[in-house]
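Step one of this worksheet: look at the structure below.
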Amino acid sequence: MTDAAIAEPPVSTPADPAKGEPLLQVSNVEVIYNHVILVLKGVSLTVPKGGITAILGGNGAGKTTTLKAISGLLKSERGEVTKGRILYRGADVAAQDPAEGVKRGLIQVMEGRHCFEHLTVEENLLTGAYTRSNSADVKRDLEMVYEYFPRLKERRTSQAGYTSGGEQQMCAIGRALMSRPETVLLDEPSMGLAPQLVEQIFEIVKSVNEQEGVTFLLAEQNTNVALRYAHYGYILENGRVVMDGEAKALRENQDVKEFYLGMSDQGRKSFRDVRSYRRRKRWLS
Amino acid sequence: MGVGLLNTIEVILNGLMTGVMYSLVALGFVLIFKASGIFNYAQGVMSLFAALTLVGFQSGQIPFAELINAVFGTDVHHFGFTMPAILATLCALAVMVLFAIIVERLILKHLVNQEPIILFMATIGLAYFLEGFGDMMWGSDIKTMDLGLPQGGSFWFEDVTKTWAAEGSDYWGMYVDVLDVIAASVAICLVIALTLFSQYTKTGRALRAVADDHQAALSVGISLRYIWVVTWAIAGLVALVAGSMWGAKSGVQFSLSLIALKALPVLMLGGFTSIPGAIVGGMMIGVGEKLFEFYVGPMVGGATENWFAYVLALVFLVFRPQGLFGDKIIERV
């Protein structure tokens, strides 16, 4: 058990000691939708510069809400950050417009792709550069995106609505990269894709992270893949962080293995053990 | 050519001209519907208001003269100068842009994420408010609009077409109203400009992006509020063009707002989401109702123009509900 790993505060366990300064700090954030539905009950996490950080958890755990609270998209869904602070490079961004976030270099790729389906793939990518004005730079970045996603170059003149799910996911990620982001909030990139394609997309995320130095914070249900590519992970349950640690440590963790990776070396556990797991959980908030 | 054939051509030509006028009104609806999913009930009244403002500026009328007179007991009505048509048009356009900004600030901003039906209701309220406001601002008397555009039949066209008929037949040439031709040309220029704008500019691309998926548009940093102002300002421009063309044709009066009713069948035919659809739909309705009136009208006692468009729209609703050019719904799982 990695109680020791958990006990360490997240700030002091950067993904990579060389690039360890925290870029994004979410502390004790509470989110309420429609003035009544409490979704996040005090979530805290830290994203180091240049790392890939994963938020894991099941349906309704609050992964998407966490990302939307950071990017500012929450407001357009009548959600509201009622407590806590979200600091991006030291500035409080909890109340910002998504457009301000994009200008700061913080952009979200939404769950379920959300491409502009009547625009061509290339127009979709160009829309990603909406907040930028230097057209020479934009043109260069378009070529960069095509280099990472050669498939998109082949389909550049097709309407995005007629491309496949994988191509749409690539298009959505490429569109976000067109804004020259410092941090990409990537929501559920594996959704509805074949395992091989998921692997391919995570490979691209990894190479963008390594070559362009883009920081990623991704929300994933596919714990297995996410923990292989991420440096650090947080596990969310019912709007709270219940566990966090280095990806490697989480992969080895008995509870994570059992509850999220579906592996167990002791056979079936009795219900009493499950309850003891619940009791053992720490509420990090 | 036989006289019958020439008559048919004349009817079609006039139908096309009328149709373009319908298209102009329908265009305003399509623009706002595409960008924000709102069916803007106030589009017809916006045309009226734009036309009133144009005439008001041109004739140097004092806005709110009645109100001022009632409150202060004065008797003011005109500044005593007149404005050239082009300047008055620019001023009216500025007023329409200002109107777009006010609508965004006072209404749209507060109704973000509400159901489309609520936004629709808001535009109904806006329509009646604007009608009353226009009345208060410029008075309710019928005004003539003189933009300096030529009016009446074209003698040249009549002379040319006279020679097309067979020798010795009793044919007097075709009647085509010059104003209609001008209106049609203006409409075509407007559509070309709008198409170029939405296809090749950054803001145009953002407009289309918002129309597709406003959440995703937000996420890449497009400001919905700015896009709404742009859309309503463009709809205001279209309303101004439609209002001034209809106003020049039939005078600026409050029944002008009812031309919006003629745009509904056009939208059903052409589709609510297609600019070319609005143009072609308008022409089909124009030509269809004129031809129907010409050939079938005499058999049923005439006055078919009043209902033909709506029946045609009904038929379309049954067989092709998204209209001729409406967006096919792209969906992939």
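For all residues, glycine too, the Cβ spot is worked out from N, Cα and C.
For B:12-33 (among others), the entry in TrEMBL reads transmembrane segment.
Residues of the same chain lying 6 or more positions beyond the ends of the transmembrane segment (B:45-65) and with a Cβ under 8 Å from any Cβ of it are 25, 28, 76-85, 87-89, 91-92, 95-96, 99, 126-128, 130-131, 133-134, 136-139, 143-146, 235-236, 239-240, 242-244, 246-247, 252, 254, 256-257, 259-260. Residues or ranges marked as transmembrane segment by TrEMBL: B:45-65 (among others).
Per TrEMBL, transmembrane segment is recorded for B:85-108 (among others).
Sequence annotations record features per position, and here TrEMBL assigns transmembrane segment to B:117-138 (among others). Sequence-distant contacts of the transmembrane segment (B:117-138), counting only residues of its own chain at least 6 positions beyond either end whose CB sits under 8 Å from a CB of the stretch, comprise 36-42, 44-46, 48-49, 52-53, 55-56, 61, 63-64, 66-67, 103, 107-108, 111, 254, 257.
The transmembrane segment annotation in TrEMBL covers B:178-198 (among others). Cβ atoms under 8 Å from those of the transmembrane segment (B:178-198) belong to residues 14, 16-18, 20-21, 23-24, 27, 31, 149-154, 204-205, 207-208, 234, 238, 241, 245, 248-249, 275-276, 279 of the same chain, restricted to positions at least 6 beyond its ends.
Within the chain, the transmembrane segment (B:226-246) has long-range Cβ neighbours (under 8 A, six or more residues past its boundaries) at 21, 24-25, 27-28, 31-32, 35-36, 40, 43, 46-52, 54, 89, 92-93, 96-97, 99-101, 103-104, 108, 145, 147, 179, 183, 186-187, 190, 194, 203, 206-207, 210, 217, 252, 256, 259. The transmembrane segment annotation in TrEMBL covers B:226-246 (among others).
The transmembrane segment annotation in TrEMBL covers B:266-287 (among others).
Per TrEMBL, the feature transmembrane segment maps to B:294-319 (among others).
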